[in-house]
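Positions annotated as region 'Disordered' by TrEMBL: 1-25, 777-826. Residues or ranges marked as domain 'Doublecortin' by TrEMBL: 37-119, 162-241. Taken from TrEMBL, the feature domain 'PLAT' covers 272-388, 400-517, 834-949, 961-1078, 1097-1215, 1227-1346. Per TrEMBL, the feature compositional bias 'Polar residues' maps to 806-815.
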Amino acid sequence: MSETPSTSYSVNQPNSSESEQSLSTRHFNVTEPVVAKRICFYKSGDPQFNGIKMVINNRSYKTFDALLDSLSKRVPLPFGVRNISTPKGRHSITNLEDLEDGKSYICSHQRKMKPINLERASRKPLPWQISRPVSARRRAVQLARENEDGFGHRESKITTPKKMLVYKNGDVRLRRTIVLGKKNTQTFEAFLDYMSELMQYPVAKLYTTDGRKVANLQALILCSGAVVAAGREPFKPSNYDSLGYSQPAKFLGIANRVYPKSNAKSESENSKKWKVSVLTSDVPSAGTSSKVYITLYGDRGSSGPIFLDGEKGKLFQRGNEDIFTVNTGNIGHLYKIRIGHTNAGNSPAWHCAEVQLLNLFSGEQFSFPAHRWLAWDQADGGISMELPVLQQGQPVLPVTVYEVHVTTGELWNAGTEADVYISVYGERGDTGSRQLLRSQKPKKFLKGQTDIFAVEAVHLGHLYKIVIGHNGLGSGNGWFLDKVVVKDPITDLDYTFLCHRLVAFHCWAAEKWKFRKGNTLQFYNRLTHGFICLSPDSTVDALGDKKNKYGVFDVNVKRRNICIFSSHQTPHLALALVNGHVIGKVGNATCCELCVHLQPNGCTILESARNPGHTVTFNLQGKVADDTTGYAGLSKEFVVHVKGVFHHGAIILLNTSLCQALCLRPDGSCSRAGQQQQESYWKVHKIASGVCMFESVRNPRMYLKIKDDQCNGTGTGDEYCHFKIKKNFETGSVSLESVRNKGIYVGLLPDGQTKPVINTGERNTFFYPQVIKFGREEPMGTSAAPNQEKKDFRESQLQPAEAQKPVSQSLSTFPPSKEMRNPQGGECPLPSDDEWKVSTLTGNAGTEANVILWIYGERGVAGPITLGKDNRKQLFLPRQEDEFQVKIKGIGNIYKIRIELDGLVNEQSEWNLKRVTLQHLKSKKTLNFPANTWLSKNRDDRDFVCELPVVEAGKPIYPVVLYHVYVYTGDLEQADTDSAVYLCIYGKRGDSGLRLLHKSGIPVTFQRGMISAFEVEAVSLGELQKVLLRCEANAKSQCWYCDKVIVREAENNSEYVFNCERWLPFMSQGVIHSEIELYPQEFQIIQQLKMQEANEGDWKITVVAGDFETAGTTATVSLCAYGENKASGPIVLGCGKRQLFNPNSEDTFKINLRDLGQLYKIRIGHDNTGNDPSWYLEEVRLERVVPLSDEEICLPIECWLAEDKGEGDTWREVAIRNPTKELLPLLVYEVHIYTGAKPGAETDANVYINLIGTRGDAGKRKLHRSKNNNIKFQHGQMDIFYIKAVSLGDLEKVLISHDGAGPGNGWFLDKIVVKHKEGEEAREVVFPCNRYAIHGEKEFVTQPAT
């Protein structure tokens, strides 16, 4: 039974006077003497206080103070009644004579009172207004209407009492347990008064335990279980979470076993035993191999999951009734049960008929008809269900299907393939842990996607929280959850639960390796951008740089996560917390024992083990925080960096998330979704300071490399395998930059693949190293060749900690191993989930060639798989069927295969293939690929390759398409070739494979100025995305100039143009490349369309590259225009990787230069990215489009824009002639950079400078090549650089910065001197600095000396 809000009416009429209300309708004559006054006193801010009626006369109260003392005993206020005022608070009563007979007054403990509604406070419920029982469905609607505006729309009211812990601000020892109910939560102000009484000090503010302010009743009700009560002082952090009240629920999918909820009380009369009878249906396959559990819910609590155990293999079989006795404790009156299973065993699906309960204490009997499947592949996919208690055949509570909308964030790699679980909590219990299995989208939890799931449960009433998490399996387990919306169809309410954070997995298991005994650590503070340093005088700060010798600490483990951090430089001192402040103490003192708490954001908090609540804390200036530091100015989180991770010979993991790592696949490709086991181990080979190679431990002599726009593990130890370690102090990660291709990093794609990328600041280049075995530190400059390391590490030495192992086997995305054949085969072990049987049926003609198989799925491709390479003479004989066993991991649903012949193949070889069949060994699922084709060059324009789609119900799921390919050879001298040319077509549905272009309608192919036509037959690729063109020329005379490639698909009348306009093979940075990727002519088409839409201020820009082979660039080109009114800023014209800026080409663009005024100069250059960024720029032409101008501005450049050619600059400025003014000269500015003489002043970082004068600026230029020193920016050194720019006028300031790359990024700059000569006048401007240029500081300004 529940009560509805009641309303009462007062018989008194409101008075228009300020006193608002009288207690009687009786009127007094003003001349009649008043012997006594009848007064009613109310409590400030509390409309539930009924009022104190008192008679005031000279005999009862001699003085006004006596009245206050009497009221203090009867009106509950924290500091007694100290003030009496009229109901609206306009007048204070200071003596007895001011009180009027029949009036009402407000009592408060301070001068400021809180008005109340006296009419409401004086009402009392009438007898007929007492609530009566209502139906379950109607009651759910009523409760929801009471909270109709939900979160944030009005003050929430609590309908079910809620237990809460209240701490005193800064003192965890003073705490009170309260119960939130209707009486003490009428208003937020009344609750604060109630807390003031309870805590015995004035409570003005409430905070959550992590310092967020609780602003209203809604926020209070939504708190997790504890709040901090404060006065007017700021929040004081402490160990408020020590009691573990807010620990999340444990998920069925994450725990190995769910145990019944333990009861603190011993077995007593309140304990209840139940007889549970479970009936399994008598339908085929109704029994289950899973473990079945049941949860009982009553009005006093729930039993927790109770497993119904018995003799294995005999429980829950078809048609059986299984009987158990369970002890639930005192759960009160039963209103629902939940029954489900763990989905384990070979046949987990279960059809439950009925559940019957008998209370052995009271004799009550309950029957719960079910008659439904609990299976992932049946009905709604649920493996648990909730059943309400029936009364007279009707449920006491309705069963509803909640609609759960889960929104994944927009961040890079925000999605996950892990199993996600949710538990929804309401006034009537919870749903239990449910896996979110079936989304309305084809793939769940993708970046920026909202997935909708159905969760069936007995109606929970008003919802107040959810618990959501995942098991960390699959690729992408660091899931970024934006929000969850739960829709209640019964009440038509939406409940929004905001998250906007990373849902990580097992923080301590992934990070505890850092805190092993003997490790050497550094603690980096994100807010102060410095490291914790312990000086010999015992002072501590957070201002050290990475080379500060006092910022290194040795770990000594005391127990579990409690450690002592001793100074590496002064070992007798350790970090200690004394009276809440961090100092240095002798290492054996108990105050030095610090408890390590890992946070979800990867940071660490160090808390005193002796005094919980005291943490290592600094202010924003890096000094030890004191009592005057506000909470907003505190910094207590640190990123832990381990020293010696990349020493020579170390065995490490390159973790990509908390439980995944970079691993080498069998085919040589790399994946970010490897398990943190030996398959993902890498051995470090130190080449030089900060430069390493990474060799696979599982596959020796296979190294991580970046070459030809590919990132994989097929390196041989050459310079393409050398990587510069870039440490990211803010995140505790590292990035791997290719030494051979500067600016190119090992990057991670959302599908798990690795690819060379440019570091744009996103996390797709971040790796989190974990040391399995420390190596040795090599002397500076020595090289560790791969074959020098002879010692093999035993597997036992390389095993990670047990806690790091995933809970269950995850679905990997590795490509398969090479062929694993067992045609005759003896006994084989039980098949795994990724094992398939491949059957090939040969027709009238067999083959002795190697047969190569490629298998394509929706999530990837498996191959090449060689079938029978060791015993091919007995295979593929005429009219013979051969069987092979292969492993195919994580490629999704298979839709096509490709068969190729390789080895011993000549022009007369042929193979008649009738059929290919794939059968999954575990599920027996069979895929058919009818062929009936010849792999031959002698029959009907056939080839040694064919593609076959999956055939279902007699029809292929995708058609086989004939692509017509037209290859245009350029009309240049010696453009023709007789070399082998290959083509691979890529589309949205995979690729065609690399095909030899060997047939054409003309006898000699690839002749100068001619078109060669070919046909490529493949399963439909969908919309084409790119082609790969390869020319294998052995001599320079065999090089080929390709103009373009056109691919036509006759079925849908589509045509794709791929411009090439370059020689193959070509040389880039000293390396010969025989293949190139070409993209469709989309960019040029877009530009032409844009040129047709002209606006005011539009200009046409034509960029002309040099006419020799290496004049083009792969970099991104930008242009800046300067006018008399303002500058345009950098305008990106395009990227050379998209077939722009090729040799001997003109590229035209439209840009808008509105409001710049008369142009006087431009600056053009590039970002030096790509495989071949060097660019020879011939000229730039500008023509005004609107208003139309006949004059074209031609600006000759005729120089290299490259770091390794010409003047070593990637930017060039050109002046534009003004008819009314002189042409501004192009000047050479000689820039002298003075590095300071302080210890650690030097840097290896890339330094950038911008000179700013009265005529604009020179742009951000990289100081690349010192004119007087081989090594730049060394201790006490002066370096000279030349910058060419159009005259800047009088220099006003210099902007200078660096990127923090390389060791020593805290550069101390003494001064800058800029010299230049304009006309006959020589000028010199000095810009003093005398400070550190810290990485992360965007730019700092240096003004000239006066």
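One is the number of the first residue shown, and numbering goes on along the chain from there.
The backbone N, Cα and C atoms fix where each Cβ goes, and this holds for glycine too.
TrEMBL entries are annotated by machine, without manual review.
The average pLDDT the prediction assigns to the domain 'PLAT' (1097-1215) is 85. Between the domain 'PLAT' (400-517) and the domain 'PLAT' (834-949), the number of CB pairs under 8 angstroms, six or more residues apart, is fewer than three, so the stretches are not in contact.
Count of Cβ pairs under 8 Å against the domain 'PLAT' (1097-1215): among 37-119, 162-241, 272-388, 1227-1346, the largest is for 1227-1346. Break the domain 'Doublecortin' (162-241) down by DSSP state and the numbers are 20 helix, 27 strand, 33 coil. Here the domain 'PLAT' (272-388) is broken down by DSSP into helix, strand and coil counts: 0 helix, 59 strand, 58 coil.
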